[in-house]
Amino acid sequence: MSFRPGSRGGARGGRGGSRGGFGGRGGSRGGFGGRGGSRGGSRGGFGGRGGSRGGPRGGSRGGPRGGARGGARGGAKGGAKVVIEPHKHDGVYIARGKEDLLVTKNMAPGESVYGEKRVSVEEPSKEDGVPPTKVEYRVWNPFRSKLAAGIMGGLDELFIAPGKKVLYLGAASGTSVSHVSDVVGPEGVVYAVEFSHRPGRELISMAKKRPNVIPIIEDARHPQKYRMLVGMVDAVFADVAQPDQARIIALNSHMFLKDQGGVVISIKANCIDSTVDAETVFAREVQKLREEKIKPLEQLTLEPYERDHCIVIGRYMRSGLKK
């Protein structure tokens, strides 16, 4: 009888090995028997988070969501055949290859911010006799960025373009901020406000390589605390996910946003009121924005990238809305 548990363990280990193969280490540990097998199978096989933990390339191979949510370098099939085309929004591009990808021109070539894929393309020189230059683009993942999800969903107006000054509320560790930095380019500025200190540290280290990003570790509810750092801006982007989100946006818009400036807001219904359906929450928030002199231009759901999220584009009318 002493041999039977071992045989069960071996069988389980075999399962772990075969299923854990996606996760690198998960598979190799699976062969050791009982516990190793079960851990190898359950962790390595599922791809989303387990795959990325299991090995260096687990996330990118783990599955459709696993790859999108940020495996080490998953997502793009590039190569010499990639063609870069401009998107309808200035500063945003589409990389056409085996699959079409949303990309931005990398402000810091050679640097990856959150493990995203980079695509290098040779662009011919405008002058005769000058060799072509290599330009690097970064893949903008709509599963990791609400703004990218909105662009993929077909936003008509963005207000974020080369040379613009943008106030970004709720910058987190700088995933989307880095792409906004790419879009506005060296002539533009991104003021990135984040209250939490841990992602704030990552935001600061990202900003060290991008001269057009100004990180501000401060509460967006108190814009007077960073008024000496921020000038008048062309657009405010907000992804703060707080119940008083509309008030936070209004305070910052009144203080920093120029007349007729753009407001781009990502609304997460559950963070504002989880007792009613998402459409009701969105309608209430849009009405609050109207009361704060922000004229809504369009509203777009972020399906299939985010559930119960929408993005609202508005224009700030400093003189007030016409009735």
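Including glycine, each Cβ sits where the backbone N, Cα and C put it.
The region 'Disordered' annotation in Swiss-Prot covers 1-80. Per Swiss-Prot, compositional bias 'Gly residues' is recorded for 7-78. Sequence annotations record features per position, and here Swiss-Prot assigns asymmetric dimethylarginine to R8, R12, R15, R19, R25, R35, R39, R49, R57, R61, R65, R73 (among others) based on similarity to another entry. According to Swiss-Prot, the S-adenosyl-L-methionine binding site annotation covers T175, S176, E194, F195, D219, A220, D239, V240, A241, Q242, on the basis of similarity to another entry.
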Tertiary neighbours of D219 (S-adenosyl-L-methionine binding site) (same chain, Cβ under 8 Å, six or more apart): F195, K225
Maximum Cα-Cα separation (Å), residues T175, S176, E194, F195, D219, A220, D239, V240, A241, Q242 listed as binding S-adenosyl-L-methionine: 19
Collapsed DSSP category at E194 (S-adenosyl-L-methionine binding site): strand
Helix, strand or coil at A241 (S-adenosyl-L-methionine binding site) [DSSP, three-state]: coil
Where D219 (S-adenosyl-L-methionine binding site) sits in the secondary structure, as DSSP reduces it to three classes: coil
Which listed residue (E194, D239) has most other Cβ within 10 Å, given these are binding-site residues: E194
Neighbouring C-beta atoms (10 Å sphere around the C-beta of A241 (S-adenosyl-L-methionine binding site)): 15
Sequence-distant neighbours of T175 (S-adenosyl-L-methionine binding site) in its chain (C-beta under 8 A, six or more apart): V113, Y114, R144, S145
